[in-house]
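Quick look at what Swiss-Prot annotates:
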type	residues	note
TRANSMEM	18-38	transmembrane segment
BINDING	Glu41, Gly46, Pro443	Ca(2+) binding site
TRANSMEM	59-79	transmembrane segment
BINDING	His64, His380	Fe(II)-heme a binding site
TRANSMEM	103-123	transmembrane segment
TRANSMEM	149-169	transmembrane segment
TRANSMEM	185-205	transmembrane segment
TRANSMEM	237-257	transmembrane segment
BINDING	His243, His292, His293	Cu cation binding site
BINDING	Tyr247	O2 binding site
TRANSMEM	269-289	transmembrane segment
TRANSMEM	312-332	transmembrane segment
TRANSMEM	340-360	transmembrane segment
BINDING	His370, Asp371	Mg(2+) binding site
BINDING	His378	heme a3 binding site
TRANSMEM	385-405	transmembrane segment
TRANSMEM	414-434	transmembrane segment
TRANSMEM	458-478	transmembrane segment
Amino acid sequence: MSYVTRWLFSTSHKDIGILYLIYGMVSAMVATGMSVIIRLELSGPGPMFLHGNNQVFNVLVTGHAIAMIFLFVMPILIGSFGNYFLPIMIGAVDMAFARLNNISFWCLPPALVCVIASVLIETGAGTGWTVYPPLSSISAHSGPSVDLAIFAIHLTSISSLLGAINFIVTTLNMRSIGIHMIDMPLFVWAIFFTAILLLLSLPVLTAGVTLLLMDRNFNTGFYEVAAGGDPILYEHLFYFFGHPEVYIIIIPGFGIISHVISTYTKKPIFGQIGMIYAIGSIGLLGFLVWSHHMYVVGLDIDSRAYFTSATMVIAIPTGIKIFSWLATLYGGELRLAVPMLFALGFLFLFTIGGLTGVMLSNASIDVAFHDTYYVVGHFHYVLSMGALFSLIAGYYYWGPAMFGLKYNKVLAEVHYWLLFVSVNIIFLPMHFLGLNGMPRRIPQYPDAFVGWNVVSSWGSIMSVISVLIGLYSVLVQLTNGENEREEIQVTPDYLESNNTRDVRDSDLELITSRPAQYHTFSELPILIQQI
């Protein structure tokens, strides 16, 4: 098998997982570059780096959001870690549809090309990632930029749908003998629920943006008021996907954090069944709250009361997860390895993001907060410190298993501390700006807001330095990393003293060779539970 053939036509879940990882890192660099330009423009009250070209500012906001969400976080958390480890954890030979797995990856590089092209062609897609009509209609954005952004969303949707079908079928049908659904590790449950969410929500998004595409190019009037359409319909279709999407991003992170905390406290996760039900509840409730993004469009009072209450209910299963992790930490033999540092950072910062979310769930308060930097601060605490920290924790936890090479612990710790400090310096001031009424998506602002904006922009520069240190850490690992090949990794210590189960199925990835062989199991494992 030649090198080109192996990587282009691969049907191995491990090779495809590594391709997703490389792709996600490239997309992350593109998206981070855009975010830095956004923050540099906001470092002063008047026109700064973009010379007053506000359209370019909004184009960067659109590109940053689409690249970060669809091309970075989802491909790595679901595509890379999910593909690589889910079959190993359930004792499967490979994914159920191995060739489908290949095409679901190769839908993504054209999506990145479309996003970059949409930024560079004509005036760009200055719509924000929500792509609301009438701003995204042909009258406001006449060039092909918005069409390209829609095509990028179509491609990522196809990729995610095919992947979701694959994950569901693999999980249900390809578990090894002795692994029942209830025994599956929390990361497998997380990917399973995420796949169900993708399967139910993505068709709605695809329908919504396809109608927009037809409005733009075929003179239909779905969102055109003069033709009897309604732009609010688009908001309902978009957010029926958009809210489950935030859980699609964070639920795999929950799974990773569970594994990391379990390993580095030498304890099984507190309340495993409760954790599974909590993930399922979060996923279900995520479909019932979409209009909390739309309190200011003129919903009647009953709708606002319902969506406020339903949104607050999501805090209950989320709280169960947070407190179960804390209960696992309590009395555990903590080892502050790098993945554990990121997991602890995740717990602290994700909780803060959740608390600001509870405030935003109130319809009456949200009227004041809507479209201010308070919202930007909230969702970046959840994404930039929830999803991102869990993603990096997953890389440092499983990276040695994927590549058979150890990372430099000093570099990794510097990466953690600098990132932890810098993301707080960026996003904490945004809450203060939002409370004072600074609107989102607007590059110029009154002088009164300059102080916190300067602080936030300096934090952005610091975060870029931390990202570069993280990349250098990966480079050192891959070029000069201490060899961990051919070792059979022993199971974590807590299993040896855990009488109920000598080797849990969740640790199959820890007891295979590092890196896992091209064919993980020469014969299928049988897991025997000792009771």
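Heads up, the Cβ atoms here are built off N, Cα and C, so glycines get one too.
Recorded features from Swiss-Prot, shown on the structure.
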residue : record                     : DSSP (3 states)
Glu41   : Ca(2+) binding site        : helix
Gly46   : Ca(2+) binding site        : coil
His64   : Fe(II)-heme a binding site : helix
His243  : Cu cation binding site     : helix
His292  : Cu cation binding site     : helix
Asp371  : Mg(2+) binding site        : coil
His378  : heme a3 binding site       : helix
Pro443  : Ca(2+) binding site        : coil
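Checked against Pro443 (Ca(2+) binding site) by C-alpha proximity, the binding-site residues Tyr247, His292, Asp371, His378 yield Asp371 as the nearest. The distance from the Cα of His293 (Cu cation binding site) to the Cα of His64 (Fe(II)-heme a binding site) comes to 20 Å. Apart from His243, His292, His293, the residues listed for Cu cation, the same chain places the Cβ atoms of Tyr239, Gly242, Val289, Trp290, Ser291, Met294, Phe307, Thr311 within 8 Å of the centroid of those Cβ atoms. A contact between the transmembrane segment (340-360) and the transmembrane segment (18-38) is absent, since fewer than 3 of their C-beta pairs, 6 or more residues apart, lie under 8 Å. Across the structure, His370 (Mg(2+) binding site) and Gly46 (Ca(2+) binding site) place their CA atoms 23 angstrom apart.
Highest Cβ pair count under 8 Å relative to the transmembrane segment (103-123), across stretches 18-38, 59-79, 149-169, 385-405, 414-434: 149-169. Same-chain residues lying 6+ beyond the ends of the transmembrane segment (149-169) with a Cβ under 8 Å from its Cβ atoms: 62, 66, 70-71, 74, 78-79, 82-83, 86, 95-97, 100-101, 103-105, 107-108, 110-112, 114-115, 118, 125, 127, 131, 191-192, 194-196, 198-199, 202-203, 205-206, 209-210, 212-213. His380 (Fe(II)-heme a binding site) is 19 Å away from Glu41 (Ca(2+) binding site) when you measure Cα to Cα. Annotated pair Asp371 (Mg(2+) binding site) and Gly46 (Ca(2+) binding site), C-alpha to C-alpha distance, rounded: 20 Å. For the pair formed by His378 (heme a3 binding site) and His292 (Cu cation binding site), distance between Cα atoms is given as 14 Å, rounded to the nearest Å. Distant neighbours of the transmembrane segment (414-434): 39, 338, 341-342, 345, 349, 356, 369, 372-378, 380-381, 384-385, 388, 392, 449, 452-453, 455-456, 458-460, 462-463, 465-467, 469-470, 473; these residues of the same chain sit at least 6 beyond its ends, with a Cβ under 8 Å from one of its Cβ atoms. Proximity of distant same-chain residues to the transmembrane segment (269-289), defined by a Cβ-Cβ separation under 8 Å and at least 6 residues beyond the stretch ends, is recorded for 182, 186, 189-190, 193-194, 196-197, 200-201, 240, 243-244, 246-247, 251, 254-255, 258, 261-262, 307, 310-311, 313-314, 316-318, 320-321, 324-325, 327-328. Cα of His243 (Cu cation binding site) to Cα of His380 (Fe(II)-heme a binding site): a span of 15 Å.
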